[in-house]
Amino acid sequence: QQIGSEDGEPPQQRVTGTLVLAVFSAVLGSLQFGYNIGVINAPQKVIEQSYNETWLGRQGPNGPGSIPPGTLTTLWALSVAIFSVGGMFSSFLLGIISQWLGRKKAMLFNNTLAVLAGALMGLAKAAASYEMLILGRFLIGAYSGLASGLVPMYVGEIAPTHLRGALGTLNQLA
């Protein structure tokens, strides 16, 4: 729909409910980025204890004992840092994926990464596998890297010209 202008400016499109819903849905996915940067820190001791239990379970009753401190530190550092590696890796593929699938389908594909990552991280303790947690962190990092580029592109494409700048900044605010 167009709104006429009496002062000679070009007509502007109205903000519709569909536009608000589409922008809100797209930008809501960006919350995963900030959440997953910080969420790993609070349960550090619980995760380290789980790593130790997994280590002991794999060693058997005659194993050397609990996980060496250096190995635990390395596993913990990898668990935290792999998020950024996943984001960096996927950001290199952003252009290829967005051109291949289009913005909307690429965001839908990206959501499968988030679901898979959540499943891996959620089941890691039950499966006694710190590798699942690390892989899940890599995949959620890949999700975040793709979302950081796909969401602003998508919002910029669907937003009316006069609102493009304002709506484009919502990704950073989420």
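Cβ atoms are placed via backbone N, Cα and C, with glycine included.
Worth saying up front: this structure is predicted, and the values here are computed from it rather than measured.
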One side of the membrane in Swiss-Prot: ARG14 and ARG164:
yes
Using Swiss-Prot as the reference, determine which range in 2-8, 9-15, 156-162 is annotated region 'Interaction with SRFBP1'.
2-8
Among ASN52, ASN110, which is the one flagged in Swiss-Prot as N-linked glycosylation site?
ASN52
Could you please provide the mean pLDDT value for the topological domain 'Cytoplasmic' (98-114)?
95
Residues satisfying Cβ distance under 8 Å from ASN52 (N-linked glycosylation site), sequence separation of at least 6:
SER66, ILE67, LEU72
Can you tell me which of 20-40, 77-97, 167-174 gets the most C-beta pairs within less than 8 Å of the transmembrane segment (138-158)?
77-97
Same-chain residue ranges lying at least 6 outside the transmembrane segment (20-40) that approach it to Cβ under 8 Å:
47, 79-80, 83, 107, 110-111, 114, 137, 140-141, 143-144, 147-148, 151, 154-155, 158-159, 167, 170-174
